[in-house]
Every structure is written in structure tokens, then in C-alpha cells.
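Have a look at the structure below, then the notes.
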Amino acid sequence: MEKLTKPISLTPPLLLLLCIPLVLAGHDYGQALTKSILFFEAQRSGYLPHNQRVNWRSNSGLNDGKASGVDLVGGYYDAGDNVKFGLPMAFTVTMMSWSIIEYGKQMASSGELSNAMEAIKWGTDYFIKAHPEPNVLYGEVGDGNTDHYCWQRPEDMTTDRRAYKIDPSNPGSDLAGETAAAMAAASMVFRHSNPAYSSELLRHAYQLFDFADKYRGKYDSSITVAQKYYRSVSGYNDELLWAAAWLYQASGNHYYLDYLGRNGDSMGGTGWGMTEFGWDVKYAGVQTLVAKFLMQGKAGQHASVFEKYQQKAEYFMCSCIGRGGRNVQKTPGGLVFRQRWNNMQFVTSASFLATVYSDYLASSGKNLKCSSGNVVPAELLSFAKSQVDYILGDNPRATSYMVGYGNNYPRQVHHRASSIVSFKVNPSFVSCRGGYATWFSRKASDPNLLTGAIVGGPDAYDNFADERDNYEQTEPATYNNAPLLGILARLHGGHGGYNQLLPVVPTPTPVVTKPTPTPAPKPITNPAPVSSSSPVDIVQKMTSSWTAKGNKYYRYSTIVTNKSGKTLKDLKLSISKLYGPIWGLNKLDNVYGFPSWLSSLSAGKSIEFVYIHSADPADVSVSSYNLA
């Protein structure tokens, strides 16, 4: 970056209809999703993998961390420069992970889930290296001042690659907190495909949160070279709450839920009404997650506090759609506008929150409460779509602000690697100042296409100058793209009847070197995890399977039988690991009960419910019941 920013039965045809993605008219969101993920490969530092698709890039930063006695090879360059800044990199990984957690199914239907997971793992592999001890975290490699003095390809770097860390004597609660959030969120992404890796990420997240909470301080007071570029204007309270929310979601440990309840008022979670969300200011993100917990029925004794979080979340949402007391500024063309330097970061982040909150509300059957009155959830999704469509070309200039999408997009991107001839085409060394003289000053298109990059975007009046030295508008950043992954997946894949309040974690197909057939689950008979003397018997079996859009789906039938000699009433079932639609039960907060047409089950009688998803059977158990 170049400048500081502020803060019970169904017929098979019907089953297939449920699985066909809903493609909204207009832009090709699937193509945009593919390109937006590809951008992260151009930002990779370290040894590039054999399946690297951005083939004009080569290895770089291979001695990172060596002078400090630690291996810091890998990770991402944040924007158009060659510095690895820990805070925005961690936020990038958190937002990519959140995108998969909410919309992994839609990504899978687009064939992009494995690519998105690889993009996350490139970041988390680096974070594991950067966290060699419980209370030590390396938060920057390189120095923005010396780096910005030079215009060199990453492969040619001659700038200072010093590594900077935080520790108990030099704390950084915001940096450690955001990295904890990234590790926790990513642990959910890999839970099914790579359980050992998921556990390792969660272990790092626990340690980083403890480090952040115990040794409090702003990271840019310890890593002072970051102040000019990624100053922590909002402080660290938002990151501590943000990390706690992600750790609760990843682990289910009520310590973190209680942390949110106890500290919501004192740390600003219930007090700050925001109109921005990004790598520095996390409050709106925290408030959105806590509102989700509340709608899931998980608030418990903290319900009154969580309701205040939700009020602030809705303050943010209402401001985005122009229905609040203090609304976000927009350009004449309708784009959210906060600042002239890299404004697009706020557009994509706000649009992501609006997208997920729209689906949370729809799943709970509620409306958004704004000062102007109630608003249906679809209006939030329409807002997000309008912002994405603007980015992709529906704007007064008819310019796509995603490089490589459409016909009219930025050609002189403020990006060292894309603006200099590829190392593979001409390996001749590009010197520090020579790069400015030869390549930066060229009034021609970049020799390398930075596919998928979201640049800084237009000014407050929709004006844009496609010039390499116009870094405020033409520089891209990883945190511009990260929130966009989820929105594009949602717009391309539709909703598909998913309940966003269910504990959904995608079950991706692991990436393998050779194609190996995945065996279908065998028909099973699983008793519920209750004692043998239980009057309620639960038996599950798979009754059918089919393939739609290249994905395998299974229909499971579950029979619940009253084995007692009495009438069974008030039955409550707990169902976890459910990743698709369910029929034949009534959802009651976080449990399931009899369908609305049935109030009890006589002795010896049974009921059946069915569900469909692309994974092993859900875990079904008895939560409570009464016998009369």
C-alpha cells in the first residue's frame, strides 16, 4: 500500500431443483469469482507451488526471517508493494474464511472451493511460521519506507527484509487478536477435509488470543515502521472482541461467549455505531457475528447485552442502505464512498456484511429494524448486489474495477510485479531506481495482467484516472478482494434454501494429486446417543443419492419411535452437522420439535423426517421430552 487509511417425501425432480444454483441476471458472477481468487496467486511470496496458475510470477522473499533465526518464507504481499504486513494479511484470511463458512456450498458448485481453500492455506501456513512461541508473533517483513523508494519485481528485491515481532515486552493486541481470528475462522474451513491441520490452527488461535488479552497494547507502538502504512487507529478492543467471537464460533467454548457478554459494554462492542468495516475497524463485524449468535438462540444469560450488539449491527446495515439516522456517503453513481485512497476496501467489506446479515434475517424470519421503519432482508442483498455490479462495470464510466473482467478495466495498475516484464520473460535484474525510470513511468498497459485485482476505485464523483502513479485509485489490495469472494459466490450460486443460522461448515473435497473415487456413504443404522433404556429410538438410513452440477447429494431418512408405554410429548431433538434442507420437523431456536400438525406420539408409533446434503449423516440426539 502507499498511504495510511483511517479507521415427507419429495420426488426426484423437486430434489434436483433444490440443488440447481440460482444465477442472477446481468454479470457473470461465477467468472468474477474465479478471477477474484486468482488475484491471490499473484500476491504470493515465497516458493511458488507446482500448480501455480499465475505463471508470470516466480519465487521471491526466500530469505525472509533468516536474519532473525526464523523461517518467514511465504505469505502475501498486501498490495502493489513487496512488504508483508501482518494485520491486513490476517484480516484478509479471516474474510476469505468467513466467505467459505457462509457460502462454501455455492463456491463448490462453481468449482472454486478448493482454490479458495488453497488461498486461505497459503496465509495460515505463513501465520504458523510467524507464531513460533505462544507469546511471540512476527507481524511484518520488510519496511514500507525503503520498499516504496524502489520499484522492483518481488523476484529482484534488494530492499531491507528485516522481520518485526511483538512479544510480552512489545505487545500488539490488535495484531495478535486479528491473527487469532484468522486462525480460528480458518480452522472451521479445514475441519472436515484436514482435521489435524484444523486442530493446529485452533491451537494457535487459543494461544494468540491469550497473548493478545494478557499483554495489551497497540501493535504499531511496538512495530513502529507500520505506523505510516497500517496504523491501528481504532485500538485493539475491537480485535479482542472479534477474536473472541471467532473462537466461540470455531470451538463452541462458552468462555469466549462470556467474554463477549462481559466486555461488550466496556470494549465498545455495544456502544460504537459504525458506518465502516475493514482491516482496522472491526466493530461492525463483531456486532454482526454476535447478532448471529443471538438469532441462533445462543446468547443465554447475555441476551440483553447481545441485543445491544445487534442494535449496533443494524445501525450499520441501515446506514448502508440509506435508511438510518446517519447514512454512508455515496457517489452520484451509487457507490459507497468513504475516502479517496483505496475506497473500494470499504465497499466490499460493507457489502459482505450486508449479504450475510440479509441471510441471517431471512433464516430467522425477521426484518431489519431501521429508524425509518422495518426493512425486508432482500433490500440488504440488493444493496450488496448494486455495489458488486458497480465494481463490475455498471457505473457512469462503464469501467470494471476488477482487472481482467469485461472489456474496459484498468490497464496501468499501481503494482510492481504486474507493471514490470515477467522474470520468466526477461530475467535481467531490475534495479531499485531503474524500475521507476524504465517501468513505472511507462504510459503503456502493464506487461502482466493482474487478473481479478480490485483496484482502489473512483473518487466521490465517479471519476477515475487509469494511471500507474495514481496509487489512490489504481492500487489493488488483498483485503479488497477477500470479502468479495463470499458475495460473488452468493450472487452466482443463489441461496438454495440454506439456513444461515445452522452451524454450517462446508465439507470440501480434499485436493489430491491423482483423481480418486469418493465412495458413497453406505446405508447406516445409527441409534441416537442416548441410553439403551431411553423411551425414544432413532434410526437413520440413506435412501437415495444422485449427482447434480457435478456434486453428489444424499437423502437420509430418520425414524423416531416411541418405545415407551406412554404418550410422548414435547420432544426436542438436537441435530448437528446438518448442511442442507430438512423436512418433517419444526425448528425451535437451536433444537427441533414435532411438526406443527403433530403434538404427541402414542406408544409404539413413529414419525419420519428427511434431509438432504452432500456429507455423512447428521448427528441426531434427544435433547428433552415428556411422557404422559
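Placed from the backbone N, Cα and C atoms, the Cβ positions cover glycine too.
Marked as active site by TrEMBL: His414 (among others). Cβ neighbour count for His414 (active site) (all protein chains, 10 Å cutoff from its Cβ): 26.
Positions annotated as active site by TrEMBL: Asp466 (among others).
The feature active site is assigned by TrEMBL to Glu475 (among others). All protein chains included, Glu475 (active site) registers 25 other Cβ atoms within 10 Å of its own Cβ.
For 516-526, the entry in TrEMBL reads compositional bias 'Pro residues'.
Summarising model confidence by region, the domain 'Carbohydrate binding' (536-616) averages a pLDDT of 79. As annotated by TrEMBL, domain 'Carbohydrate binding' applies to 536-616.
Annotated signal peptide per TrEMBL: 1-25, in sequence order.
Within 10 Å of the C-beta of Asp466 (active site) there are 17 other C-beta atoms, taking all protein chains into account. Assigned with DSSP, the residues of the domain 'Carbohydrate binding' (536-616) fall into helix, strand and coil as follows: 0 helix, 52 strand, 29 coil. Here the CA atom of Glu475 (active site) lies 5 Å from the CA atom of His414 (active site).
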